[in-house]
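Features reported for this protein in Swiss-Prot:
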- 121-509: domain 'Protein kinase' (DOMAIN)
- L127, A128, S129, A130, S131, I132, A133, Q134, V135, K154: ATP binding site (BINDING)
- D289: active site, proton acceptor (ACT_SITE)
- 506-526: transmembrane segment (TRANSMEM)
- 535-555: transmembrane segment (TRANSMEM)
Amino acid sequence: MKAILRASRIGRVILRYRLDALLEGTPAERWLRLAKPFVPRASAEIAAQSRGARLRLALQELGPIFVKFGQILSTRRDLIPADVAEELTLLQDRVKPFDGQAARLIVEAALGLPVSVAFASFDTVPLASASIAQVHAATLPPDANGVRREVVVKVLRPDIERQIDADIALLHSLATLVERTHPRADKIRPREVVAEIEGTLAAELDLQREGANASVLRRFWEGSDDLYVPEVIWSHTAERALTLERVYGIPSDDIAKLDAAGIDRKALAAKGVRVFYTQVFRDNFFHADAHAGNIWVDSDPERRLNPRFIALDFGIMGQLSQEDQYYLAENFMAIFHKDYRRMAELHVEAGWMPSNVRIDELEAAARSVCEPYFTRPLSEISLAQVLIKLFRVAQRYELTLQPQLILLQKTLLNIEGVGRQLDPKLDIWAVARPVLERILRERYSPRRVLRELGKRLPEIMTHAPDMPRLVHSWLKQQVEGRHQIDIRSPELLALDLSLRKLQTRVVTAITGSGLLVVAAVLYGLHPDGWYLGTVPVWSWISGGAGSAALLVAWLRR
């Protein structure tokens with residue numbers, strides 16, 4: 001019954017904000033048409049608004065869970081029009097706070113201690129309140145030196161899980177209906193969108209997981225002059241309560257306060273771009289909710305000329321597969337070099353597009369997207385917009401993107417927005433390019449390869465004895481299979497040639513890998529004999545020969 005009443009209310013809001021066109025061609029449109037005479041017409045002020053603004057206002061009226069839904073939907077620029085996405089980014093996740101005494105009870109239940117024991121003080125008036133949780137100021141009991149450390153405690157709303165489950169169940173029902181009846185369901189993919197929203201909300205409901213995210217990010221940026229991450233107080237953290245070191249700063253979009261504090265905004269803007277690319281390509285762990293409210297600037301007067309950011313809210317973090325990391329970095333470099341052919345090839349090699357796509361057509365599409373940008377001043381070029389438009393054009397060719405890549409698009413857009421707000425003349429390309437080049441050099445350097453081999457040495461040594469037998473068995477099967485096939489057609493001849501080349505490449509690659517294993521073993525054993533630096537000469541020779549063999553195998557692609 002509650003679900004029916006909730007669905008009825010959603011229908012009334014859709015009609016009042018003139019959003020029924022979104023359901024055109026579905027059974028829901030017919031039901032809404034019947035209900036239309038009984039719903040008050042939209043005011044002239046609402047009717048004059050754009051469709052994106054009307055959707056934003058409707059979501060705000062439907063409540064905090066739908067606000068969160070709109071915020072997540074704003075990241076899916078591959079699914080919704082750009083004007084609607086822009087409007088949805090304006091959604092503010094601010095709601096009326098819940099009772100401070102209720103917050104105390106939740107903290108006590110989570111920590112298994114009375115608040116008066118766990119904390120020296122706990123302010124029942126929240127510092128901030130959102131749809132999932134609210135934040136309270138507190139101090140820890142005195143330490144050995146008698147110091148009471150300032151902290152903040154993030155507390156989940158009471159009964160929030162039940163509310164979310166009910167709304168998500170309703171969204172699943174609506175998504176199923178849209179998928180069955182909407183003429184563009186294959187493009188919108190409603191069930192996929194709702195599943196993504198459900199996953200994001202589930203992550204935000206586990207504050208212990210958020211604490212782990214903060215802890216990992218802090219470890220990556222320990223001692224950095226570019227980014228500070230508050231310390232997690234694990235003794236006072238549980239699934240429904242997260243305690244962090246209290247930090248003080250200025251929101252990154254408060255330009256007046258930044259200028260009053262004498263902050264070097266130009267240096268700060270460049271640092272923001274560098275931090276983002278380092279998180280993505282060095283650490284593979286990036287803050288994926290990096291809007292101005294979650295990015296502060298350290299207000300310490302001593303940091304005026306060497307400012308640093310402070311990260312807040314670690315509920316949504318992003319990671320890419322190693323393959324996506326590589327292809328994305330290569331894609332950016334291809335954009336920098338205006339190598340449209342390589343961009344097209346990378347989209348296919350990454351598995352983002354079907355292998356039967358014509359590369360020349362994709363190359364022409366990439367050229368049509370990028371060339372107009374290259375005629376603009378560098379300060380007006382947005383790498384995020386180029387990437388989004390590339391992916392949007394590629395949708396015509398059955399582009400398939402992982403949710404993490406879509407999350408990265410949205411984060412890049414936010415970071416560029418923050419950077420340009422701090423420094424309107426920021427040249428994103430000039431800042432990003434050297435960072436990408438350095439990270440790619442480091443990522444694929446011989447030293448790093450040897451280090452990774454060293455880490456995987458136990459695994460390699462475990463499987464190494466089986467390799468000759470497996471290779472011999474595979475080659476024997478190839479030879480026997482080739483003798484059994486009577487090749488007549490040009491296609492089969494071409495296939496045979498490809499198999500021969502593949503066989504040669506596999507043997508060369510296995511030989512190279514074996515030599516690198518030998519090099520790593522020699523390095524680990526510290527044998528007697530000649531050394532070059534701290535590495536045995538024979539390790540250098542074996543490693544060099546192995547690298548050469550792998551290079552030959554790679555060049556024969």
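Any Cβ shown, glycine's included, is placed from N, Cα and C.
Each of the binding-site residues L127, A133, V135 was scored by the other Cβ atoms within 10 Å of its Cβ; the lowest score goes to L127.
Cβ proximity to the ATP site centre (mean Cβ of L127, A128, S129, A130, S131, I132, A133, Q134, V135, K154, cutoff 8 Å) flags the following additional same-chain residues: P97, P126, V155. On a Cα basis, D289 (active site, proton acceptor) lies 16 Å away from A133 (ATP binding site).
Cα of S129 (ATP binding site) to Cα of the residue listed as 'active site, proton acceptor': a distance of 17 Å. Reported as a whole number, the C-alpha separation between S131 (ATP binding site) and D289 (active site, proton acceptor) equals 15 Å.
Sequence-distant neighbours of D289 (active site, proton acceptor) (same chain, 6+ residues apart, CB-CB distance under 8 A): D313, G315, I316, T411. Averaged across the domain 'Protein kinase' (121-509), the predicted model reaches a pLDDT of 83.
All protein chains shown were included, and the count of other CB atoms within 10 Å of the CB of S129 (ATP binding site) stands at 19. In the shown protein chains, 21 other C-beta atoms lie within 10 A of the C-beta of S131 (ATP binding site). When the Cα positions of L127, A128, S129, A130, S131, I132, A133, Q134, V135, K154 are compared pair by pair, the longest gap among these ATP-binding residues is 14 Å.
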